[in-house]
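These features come from TrEMBL:
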- D257: active site, charge relay system (ACT_SITE)
- H288: active site, charge relay system (ACT_SITE)
- S454: active site, charge relay system (ACT_SITE)
- 72-149: domain 'Membrane-bound transcription factor site-1 protease-like N-terminal' (DOMAIN)
- 248-496: domain 'Peptidase S8/S53' (DOMAIN)
- 528-656: domain 'MBTPS1 third' (DOMAIN)
- 657-904: domain 'MBTPS1 fourth' (DOMAIN)
- 1-20: signal peptide (SIGNAL)
- 1020-1040: transmembrane segment (TRANSMEM)
Amino acid sequence: MLPRWLAVLNILSAVALGLARPEGTCSVPSPSYRRTQGRCLPAELCGARGRRPVRAARAGARDRVSASWSPVEAQYIVRFHEYRRAEAQHRLLAQGLGPEGEAWGWIRRNNKAAEYPTDFGLIRVAPGGYEALKARLQELSFVKDVHPDFQITRALAWESYPDEEDAGWAGGYGAFHGECDGDTVRKFPGRLRTRPTIGLDKDVETYSDSQSSSFFSESHRKLLLMDKSHSLTGLFEANKIYSLGYTGQNVKVGVFDTGVRGDHPHIRNIKERTNWTHEPTLDDGLGHGSFVAGVIASSDDGCPGLAPDVDLHTFRVFTNDQVSYTSWFLDAFNYAMATEMEVVNLSIGGPDYLDRPFVDKVWEVTANGIIMTSAIGNDGPLYGTLNNPADQNDVIGVGGISFKDKIAHFSSRGMSSWELPLGYGRIKPDIMAYAQDVRGSRITTGCRSLSGTSVASPVACGAVCLLASTIPKERRWDLLNPASMKQALVHGAERLPGLNIYEQGAGRATLAKSMAFLQDYTPQASLIPGVLNLTDCPYMWPFCTQPLYAHAMPVMINATILNGMGVIGHLEGPPRFEPADVGGHFVNMQFEYSTTLWPWSGYLAIYIRVNADGQDYNGQASGTIVFDVSSPYPGAGDQRQSSTVRVPFIANVIPTPSRELRVLWDQFHSVKYPPQYLPRDNLDIKNDILDWHGDHPHTNFHQMFNYLVEHGYYLEILGSPFTCFDALQYGALLMVDLEDEYYPDEILKLNSDVREKGLGVVVFAEWYNVDNLEKMRFYDDNTRTYWTPATGGANVPALNDLLEDFGVAFGDLILSGNFELAKQTVRYASGANLVKFPEGGFLHSFKLGGKATGSYSSQLHPVLGLTSVGEGHVVAYGDSGCLDGSYQVSDCYAMLKGFLEYSTGRVDLTESSEYLSALLDPNLRLETALGSDDAELPKRFEGVNFTEASFVLRHPLTCYSNSPGSPDLVTSGAPPRSIESKELLPSIPTNPDVLSNSSTQAPNDMAYTVQVTGLGSSQILGSVTTWCYVVGIVVVVGLYQFTRQRKGPIIGQGETSKGTGEHEL
């Protein structure tokens, strides 16, 4: 019989992977493990460039540290369903696979976690032997899945370099995945990462009244740093808490970083240092770990930390070259649970939230009651750039501000992109903390200043430790957990003026208000945001920019439920909306939600509509969203505690606007990273190889969204197929940078909508060239496979199918250059050409450079056309870069406005505006059609199985909760469409390195329920399997008391290390 602690841990593992739900529109999707990271193209095509790896030889070194280019041995993480000693897991694997030899080998991990049971093993696989091994592993019942052992390479930019910040696009910041040389791709080795999260120590803070000069001149900056009022303790008024006798004492904090010296003079209580890397040292050779530890725990007057008396435990998971592996993190996380860490800080992050072993382990860590803070990322000012794990509900995601309470230019912005394209992202960051010119400890002694959100994260971590110490120890961890601490921080945060909720979350963290909240805390559930005031601008952007009205796509808000009562909880019945006034009775709300909240949290997706009988109402609508959450009392058998959450709601409602003012944005046909490898749209951008910002009007197209709203348009989001909207309600369908296929019924309906119902269609395409796609293929040193783009910047062959009946088609040239239209200079960045356009249309050709065999040839190319089709209009343009705020050289919003005026009929075409006059120049009208019926068009790329990337090809035609009506009224059952072509090659991203047992899923794959208020019906979109119910019952009566109280090691028997212990490999 298993010992009780090990049985409990196995139950926890089962819960983490056993609660399944189908795909939902606002739920977190099932992590189907895909990877696009890797080294670069073969060495003969892309030689290594950049600085060689260097090691900081002394404190304060200001070198740029980059990763080495050495390949990774083929090693894999094998995850098991149960925790056992490593030797026992090894024996089981040997029994299943046969003796070790050339085919496979067990990699022994000699670290502190070896003292405890483990849930994974590390194996090496012989080159070419993976497929055979895969088949055998699939037959082993005790194996959960297999993943590559990721190399995580983090580069630190101690100073900013001109080639990174002056890249010629907005803000100068971007992802840090790799770079491009001509048409080829150079991928940095290891796990995908974004811009370094530390070292922006000369970042620029800009103000609206002085965009040309920085606030921080060097002299002013030095004076500011010498001002002790700008120390962390002074800004947080921590001395008031210190005077009460609270300094972080008896709080165990783990710092996952590059280590720290055991005799560091700034840190009083270094209780244990552990090394998880292959380097035989516990010391910090770079300065990163020392700085982070000092921000939390320094007692030096020159750079004091917020919690100087915490018990500091350092987990050295990065080498001095800033390289780590997923397996190192998994072992370190397991050890943190075994030794009962209470708070941990991760100043790391990347855009890939589908690194399943890592994400699953983070869930498990927080399920054990450990509070985790993490940096939100340094990819600002771009939107849609949140980093993982800070974007997870159970983690405190921290953004960055300056000492003047201005958002740091580099701080990543929301929303989360897990839920796109069907749903809507969650609100992140959670809170903001100081991140510019923060003082911290050097490697040996002395202080330095650095900037970045990996500075903000330990600032928040220090605040968490200090707040935790204010709770009496005997009841501290009965009250504190990842949810209650986040509730305290959110409650105490002060909103920063001029910023929206996806920039600042709840606002700047404070100590006094959060402490007061905790002193009177009763375990409870809550919602983020706690108030849905859709009239509150700019904080509730984008919701506050457009009022509600009838016959519209639902406004979607993806809120986060926090459950401070326990690691697991349930909603006691569906949420409900209680109207408070006349306008409230016109509001219809539909909810999707986590029926099981784990760990400590869940989601509540709110779909807000105005009923048809409110189409003439003009006024305010208010009410309250109400739901009840229950959790078991720890150690109390079947007894449960409950909490009622009440969320005020207020919005403005107007009569339904006229058709020509309403524009529908097609989000449904967008494909995103992750999981797919989608190349960047602008091939001239050299420091970013991926299109990963969400392609949504509220992420990288948010400036365009604001422009249209300011000019009187109402932009709605279509997250379902074309068969799910009424064309008579809209002036135009706006299709920008789309990658997916189209159902045959969609093509037929759109043709009818344009010809018979007068719908306008505006298409912004992107480049598509098969030869270029082949060149962008690269070798991934993590998955040990070649990866090929799923499609080009846009899926031109699919667009051509859609536009065929209109006589419009794009070609496969890749064009770049500038042109002038209506006295405005427009940048054309890696766009497509037009090869077919109908007679009578207006066709614009410009002198642009075309990529051909690596050289440019400048000549006139048709790239813009406008034509009437029946009762409607069609506009086709070959590039979307001028709308995309990520890499925009100059915008073309005025041109877009002209397109909409033409396609919606908003302006009388007989009295054209200046822009319309230029667009409809009579000299540009085609007397004969461009191209012939038998013209050769770009063909679909046969080097990839696009079905793996396409939502359309994998799902039947159906209207989802995000469509105008109730899903049970608009659902159809047409089968997925198929593409007729030659036999497709096996997909590069088909998960050759992931073996998943069909009976297990990620913990966020819980069942969800849809409930419609006012319609008198509910629809169950997902159900929990029978065995999941059994697991849930076991958890309710047994697991909770262990994960909540944590009286003794959860992972291993034996005592926790006492005093100062130092352990090396």
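Note: Cβ is positioned from N, Cα and C throughout, glycine not excepted.
All annotation found in TrEMBL is predicted automatically rather than curated by experts.
Shown here: features listed in TrEMBL, placed on the structure.
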{"residue": "D257", "record": "active site, charge relay system", "Cβ within 10 Å": "28"}
{"residue": "H288", "record": "active site, charge relay system", "Cβ within 10 Å": "30"}
{"residue": "S454", "record": "active site, charge relay system", "Cβ within 10 Å": "34"}
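Mean pLDDT across the domain 'MBTPS1 fourth' (657-904) comes to 90 in this model. Across the domain 'Membrane-bound transcription factor site-1 protease-like N-terminal' (72-149), DSSP classifies residues as 25 helix, 27 strand, 26 coil. The distance from the Cα of S454 (active site, charge relay system) to the Cα of H288 (active site, charge relay system) comes to 9 Å.
Summarised by DSSP class, the composition of the domain 'MBTPS1 third' (528-656) is 10 helix, 69 strand, 50 coil.
Between the alpha carbons (Cα) of H288 (active site, charge relay system) and D257 (active site, charge relay system) lies a span of roughly 7 Å.
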